[in-house]
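In TrEMBL this protein carries:
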type	residues	note
TRANSMEM	34-52	transmembrane segment
DOMAIN	39-510	domain 'Major facilitator superfamily (MFS) profile'
TRANSMEM	86-106	transmembrane segment
TRANSMEM	113-135	transmembrane segment
TRANSMEM	141-161	transmembrane segment
TRANSMEM	173-192	transmembrane segment
TRANSMEM	212-234	transmembrane segment
TRANSMEM	319-342	transmembrane segment
TRANSMEM	354-378	transmembrane segment
TRANSMEM	385-406	transmembrane segment
TRANSMEM	418-444	transmembrane segment
TRANSMEM	456-473	transmembrane segment
TRANSMEM	485-506	transmembrane segment
REGION	544-568	region 'Disordered'
COMPBIAS	545-554	compositional bias 'Gly residues'
Amino acid sequence: MGPVAATTGTYDVALNRRKALMGDSGPMALVQNFRVFGIACFACIGGLLYGYNQGVFSGVLTMNNFMDHMGDYDSKLAADQTRKGWLTSILELGAWVGTLLSGFLAEQYSRKISIIIATGVFIIGVVVQTTAVAAGHSSILGGRFITGMGVGSLSMIVPMYNAECAPPEVRGSLISLQQFAIEIGIMVSFWIDYGTNYIGGTGSTQSEASWLVPICLQLAPALALFCGMIFMPYSPRWLVHHDREAEARKVLATLRGLSQDHELVELEFLEIKAQSTFEKRTVADKFPHLQHPGAWNTFKLQFVAIGSLFKSMAMFRRVIVATVTMFFQQWTGINAILYYAPTIFQNLGLSGNTISLLATGVVGIVMLLATIPTLFYIDKLGRKPILTIGAIGMGTCHIIIAVIVAKDQSSWAKHTAAGWAAVAMVWLFVIHFGYSWGPCAWILVAEVWPMSNRPYGIALGASSNWMNNFIVGQVTPDMLSGITYGTYIIFGLFCFMGAAFIWFYVPETKRLTLEEMDILFGTDTTARADYERMEAVNRDIGLKGALGGEGGGAFSEKEKVSEDGKSD
């Protein structure tokens, strides 16, 4: 599609024509596009692996047999908490590397092949971890870094693949499947940990299978994704972009369940070709020395393009919004909860590893349920109020937990009600994250860029996410053992700072066009140049002709932006 989504120009004419042929968006559109819906569900196994990995290790860390194998790297002694942090956070460091490489892989080798490659890397990492029975912490560190590289790539490429295979009418719904898959993976991992903790007993007789089973179970969905993706179609957009237009038209027709000469297939094919031509001309204009296809030019292009994001204040403000939003998302403390939930619950007075694992399982359930309303109402309520309210709610929960821990941490046995109150606050914290910063932060980061900068801008935001994820995972054990209740005060203050950042700095982006984004973030020629270039492309490839010459200019005088970021 063109860069001027939801405007009165060529895009709207194409969208209206498509609606007349297929009907409006909604549940029935998913039924009509059941084939692509099934493909998206299958590809989201990558999200399931991502979520499972986030959650499974929190329970494994507290299992007696695992601690026996890890020695100083998984000990309750304060001096060893930094090493314990490395066992967890090494995955995020690998994911950060995988994210940086994913753009190159997806563009050079296709989205489909890149998912297969990333899944293969993930499988190798899991296999390396299983050797920890003999090799100890070295296998866990190395294996989790390799697994992280696969997870980081999948977290970027799977949504891209789903978006490019989906028709516009159901694209938002299919991208949302990724978030559901992640949270399903988290929830399943928590309850698997709870069950396998009983293998061989929960004390000194506990079997090695108690932690090997949850680690090895990842191989089943990973192998299914690895093998199944071989039979999945290539992204039509990637095929067009690499001059395989006949194959792209055939794939489009198959995905839509229509003949290749159907008007709807022809219309969508021309839109994809328009976008591809637009991107090629953009590269030729901005980076003429990198316009020729090739692996080395593709690799260099992503870094040169990221550099261009810092050359104007209008683009730099977008960089601030994307990277700082992801900074605050991680410093809400969500992954401290996900990675160390059983440890946290034990610190809050829940006696026994089994009880703490049970409380951890509830975390996965409530977070999944809390996400559902946002998927339906995010475009009605807006990003800004949801993110602000969620941050204030999370910060309040942290402060309450800090007060309870400060008063009763030395006498939980006498204050069991206070312990359970703190646990309830952890659950409420997760609910606030589930409806706000979980889904909304990623949506915001994806929306603020002009089209020609969007892949690199999203990659920059994702890099901020994974790097801060790594830092939080690394420092949390030391914080919990060294400053105890101060941990929650720090995370709470970051939550309140995040609320202030969103409310006072970030404009509302719901229902705004590309040009309106350009006005919101400061006058810049990027979006207008994108639009003019796209209009020329639409004429050259015949898209305007296919629409009967319809489609006015996007910079209509009727479309202005008021100070609060809403259209008049």
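Every residue, even glycine, has its Cβ placed from backbone N, Cα and C.
A TrEMBL annotation is a machine prediction, not a hand-curated record.
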Contact check, the transmembrane segment (212-234) vs the transmembrane segment (354-378), 3+ Cβ pairs under 8 Å, seq sep 6+: no
Two-stretch contact, the transmembrane segment (86-106) and the transmembrane segment (173-192), at least three Cβ pairs under 8 Å: no
Interface check, the transmembrane segment (354-378) with the transmembrane segment (34-52), three or more C-beta pairs under 8 A: no
Dominant neighbour of the transmembrane segment (141-161) in 34-52, 113-135, 385-406, 485-506, by Cβ pairs under 8 Å: 113-135
Stretch of maximal Cβ-Cβ contact with the transmembrane segment (319-342) [cut-off: under 8 Å; candidates 34-52, 113-135, 385-406, 418-444, 456-473]: 456-473
Other parts of the chain folded back onto the transmembrane segment (485-506), taken as Cβ under 8 Å at six or more residues beyond its ends: 320-321, 324-325, 328-329, 331-333, 336, 383-384, 387-388, 391-392, 394-399, 401-403, 405-406, 409, 437, 444, 476, 479
Chain residues outside the transmembrane segment (385-406) and at least six past its termini with a C-beta under 8 angstroms from it: 328, 332-333, 347-348, 374, 378, 418-419, 421-422, 425-426, 428-429, 432-433, 435-437, 440-441, 444, 484-489, 491-496, 498-499, 502-503, 506
For the transmembrane segment (173-192), distant same-chain residues with Cβ under 8 A (at least six beyond the ends): 25, 30, 36-37, 40-41, 44-56, 58-59, 158-159, 162-163, 166, 213-214, 217, 338, 341, 357, 360-361, 363-365, 367-368, 371, 375, 434, 438-439, 442
Tertiary contacts of the transmembrane segment (34-52), as residues 6+ beyond its ends and Cβ separation under 8 Å: 115, 118-119, 122, 150-151, 154-155, 157-158, 161-162, 165-167, 170, 174, 177-189, 218, 221-222, 224-225, 228-229, 232-233, 254-257
